[in-house]
Amino acid sequence: MFPKLSKRSRLTIIIILSFVFFCAEISVGFYTRSMALIADAFHYLNDLLSYLLALLALTLSTRPPATSTSSSPPSSFSSTLSFGYARAPLLAAFFNAVFLLALGVSIFLQSVERFVALSKVEQPRWMLVMGGIGLGVNVVSADLGMMAVLLHVLADAVNNIGVMVAALAIWLGKWEGRYYADPGVSMGIALMILASSIPLVRNSGAILLQSAPAGVDPEDVKHDMETIPGISSVHELHIWRLNQKKSVASAHIVMSDPSMKDFMEKAKVVTECLHAYGIHSATLQPELAIQTQVDGVELVRAEDDSTGSMRLKIVETKLCQISCGNPCKELTCCG
């Protein structure tokens, strides 16, 4: 229905629709004293915030990094962001997930309280109307492409259908226990919110903690790099995700050839190895395997007292060849 609209225009339209519907649903929820409508309204508030954050992230992510050449001078803050705003969508997703988690817990506890102290819902017909309108807003959102994940669309639709079923049960039912349908639906909405928010917090939080990409074991990467001819050893290997799509790595490469003339060739092989793991941005620090160090083991020349001959004493070491002084010892990546 809206094939020619840009992503920014579609976001703007759905933000307006979601804001209007949130205001209407929260007002009707308090008017009818329906916990299900209030829960669904706050769920829509989360969707509204996610759309606003997506619009903000879309704006920020298009800005160039500080190292990029630009006609306009960068601001004092953006000039400190060497990766630009590449993590803006991730930070927005984490904020939204934490808000959603807290919202789910709050709604669940209020639903339990409503079960203990049952409150009658007034004007259930308004519940039915708002549930139908909410279902229509979800259809429009899906058509605008703002709900690309099918599970999210179905979850929102189930919430609206649950509100409509509860409204019909309260409106048409004659038994006294029909009012339990309202907190029951709100508790179901809370459980669905929790089920969707916990994985979001876990996944986005793991990326913010600079974890390795899923399915990538740094030890396997290190082993593959050390099997490359001409590379004596690899240490200080760090692999992390910059955002949901881009992975970054850094490593210290100890070369067996002290001349270093073929380092660029070995670096190309290392980057190809990293490409196989989905890592397409890497920083490599070359180091030389001199006579006193091979494969990360320090060889110290010592004299045999009995024969007067020379021998090599092996001493384990993890120190880099490019070392800092004591003031920055604890701040380095290999400290």
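Note: Cβ is positioned from N, Cα and C throughout, glycine not excepted.
Of all ranges given (82-105, 250-273), TrEMBL attaches the label transmembrane segment to 82-105. Counting Cβ pairs under 8 Å to the transmembrane segment (82-105), the stretch among 12-32, 157-173, 180-201 with the most such contacts is 180-201.
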